[in-house]
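S.K.: Following this message is one structure expressed as structure tokens.
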Amino acid sequence: MAPPPLHLFSPHVPSTSVSPPDPATEAPPAPKQHRGPRPAPRNPGSAKPLTAGVPGGRTRRAVLGIIRKVRSLELSDPRTPSPNGGGGSSSSSTATARVPFHLPIHPPPPEREEEEEKKGIRRAVPWAAARDEETKVVLRREKKTRVPTRAETELEAGELERLRRAARGKERWARAKKAGITDEVVEEVRGQWAKGQELAGVRIVEPLRRCMDRAREILEIKTGGLVVWTRGGIHFVYRGSSYLENAKRHRDFVNYNEELSPVTSNNPTSQGKYWSKDETLTNDNDEADDKDDKPIKGTLYEREVNRLLDSLGPRFIDWWWNTPLPVDADLLPEVVPDFKTPFRQCPPGVRPALADEELTYLRKHARPLPTHFVLGRNTKLQGLAAAILKLWEKSLIAKVAVKVGIQNTNHEQMARNLKRLTGGTVILRNKDYIIIYRGKDFLPGGVAESVIERESQVHDQQAKEEEARLKMADSLQMIVGLSSERSYVGTFREYQDFHDSHARRTTENNFRIQLEAKKHRLEKELKDQEWRLSMLTKKIERSNQVLAKLHSSWSPSKKDGDRELLTEEERRIFRKIGLKMDEHVLLGRRGVFEGVIEEIHQHWKHKEVVKVITKQNQASQITYTSMMLEVETGGTLIAIERFTTSHAIILYRGKNYRRPTKSAPSNLLTKREALQRSIEVQRRGSMKYFAQERKKSIDELKRELRNVTWEIRKLNHDTEQSWTA
């Protein structure tokens, strides 16, 4: 059985009869303009025409490009059908097919085709990739259908375009707060409308700017207007054509709500001030009468989440993410009567602590969950704790978001108080979210009450059995005349005594183990600190040896007894000259060495006064440096002046000054030795400081070790006395 004919160039397609062209009727072809290298001459017996001039050579991409070009040629010049009508004689089926390629393509023998069909082998052909590429279906990502806004549905196109043109020229707008669209922002918007302006702009800031659609809904709910245009982070709100009638109706509605009794408005919410409860939760802005005629919106999961959050408390309308809106924890009661931390009991054989894998799983599980509560206060969270306990009966995790823009919020204190009130486990806490896991030992309210009730019943039954046993023992003693001494073997009292003593011993043993572990840790740390102190001491001794070697390599000059005397007026003049000088000698970390003395003599070559700048802070160091410079240079110290970040030492060369034959003295350190001395002095000072800190920590560890040893001895003494008693 022959394979089906291929559309491109199949050897099984009957060859078409090609008549030679008539040179008289056919126009000469136009000369082709070659761009780039000319292709090699065609040779039917070689494969060079396939790849000549094609980038990529024989790669799959190049072959596919050749096949596309051949197909375009076939479509532009269709073949004439053969006179045999495709019936196909034996000569046409065995002959070489005429194809656009200059390669002889021969059909496979029929025996080979039958064997391949029996074995189910599909032969790969060069044009199969191109054929599959045409039939390949590419599924593009579908764009999210854009939901029209209220302004686009309620306003006419011409009116909407007019309002948007007016909004483009508006230069002033109100600024929302971090807390969202607050009452101040709403009043500012209505104030602009009251002045006769149709549009009022509101700039949205973080975090509400993350979801501008939600910001638009909040603006329309709270102000009663329509957002007609959005530019960047600014919403432009249209007051509406019937603004005066709506404002009058709003005032009447507010007055009516103020006349209501406090019993009917038991739980005031922020959304009740602007919109009804159903309209707020579903973000539906139509009339309430038409609500029953509309189909139910949202999936089953969304409706269940909304139903659960409705049962926990009032919703937070200024939520900066999409629905469902979380519960506003600040509107929950601060104190709940008879509230206490719930009873917990872990199942047998289960450890209450979370493993690392379990913690990672819970954090991943909490990521896609909706936010349940929004909190803005640090204390008085009993109402929130009661709502979390109710939520835990249907969910493993409670997700609490921290309000943005509220002053003095401390998420660490919030998490600590919630953990103390609920007994849960905080698995994540940051400046945005607090996620609390209910724990493995959590029991729902009904189950906890059943466990407590069952335990009380068992205790009462045991007490009744004990009372009956005692009565029976008394009656037997009266009849038989047994001894009046009562035995507690096998009784409930023996169980209670054993349980109390075992619990006490267990507590004492645990406390003793903790003290022993603390003592072992302190001893180990003390030994480590002493070893570190010994190493520091050895390094300090080694540094002292290096410094002693450096100090032995230089010697100070002798002080000249015959010194020039200067009057106060001369000192004042030289001081003024020295302070006005811009040129100076900078004394760095190396201190006084031969290079400094040489530079001072270079200054004195042209000037009588030299100014030396030093960065030293201690007065003793500055005095020692000035005296050393005076002795080594042979000059006269005029003054020591204090600047903002440094000190200036002014030296006068003297009236009988003579330049020395050797400007660099040989009794001082060289530049390299001075740097080595500076580094070693700094290193020794740091080591002395750390050695002092080590000594303080060692003294503190010894004091703690004495206290722990004394507590262990006292505990052992008390245990011995209890055993003897």
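Heads up, the Cβ atoms here are built off N, Cα and C, so glycines get one too.
Pulled the feature table from Swiss-Prot, pasting it below:
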| type | residues | note |
| --- | --- | --- |
| REGION | 1-121 | region 'Disordered' |
| TRANSIT | 1-71 | transit peptide |
| COMPBIAS | 10-19 | compositional bias 'Low complexity' |
| COMPBIAS | 20-31 | compositional bias 'Pro residues' |
| DOMAIN | 153-250 | domain 'CRM 1' |
| REGION | 259-295 | region 'Disordered' |
| COMPBIAS | 262-273 | compositional bias 'Polar residues' |
| DOMAIN | 352-449 | domain 'CRM 2' |
| COILED | 451-473 | coiled coil |
| COILED | 508-545 | coiled coil |
| DOMAIN | 564-664 | domain 'CRM 3' |
| COILED | 691-721 | coiled coil |
S.K.: How about long-range neighbours of the coiled coil (691-721): same chain, 6 or more residues beyond its ends, C-beta under 8 Å?
M.R.: 508, 511-512, 515-516, 518-519, 522-523, 525-526, 529-530, 532-533, 536-537, 540
S.K.: Going by DSSP, how much of the domain 'CRM 2' (352-449) is helix, how much is strand and how much is coil, in residues?
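M.R.: Secondary-structure breakdown of the domain 'CRM 2' (352-449): 38 helix, 19 strand, 41 coil.
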S.K.: Reported in the order helix, strand, coil, what are the DSSP residue counts of the domain 'CRM 3' (564-664)?
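M.R.: In the domain 'CRM 3' (564-664), the DSSP-based counts are 39 helix, 22 strand, 40 coil.
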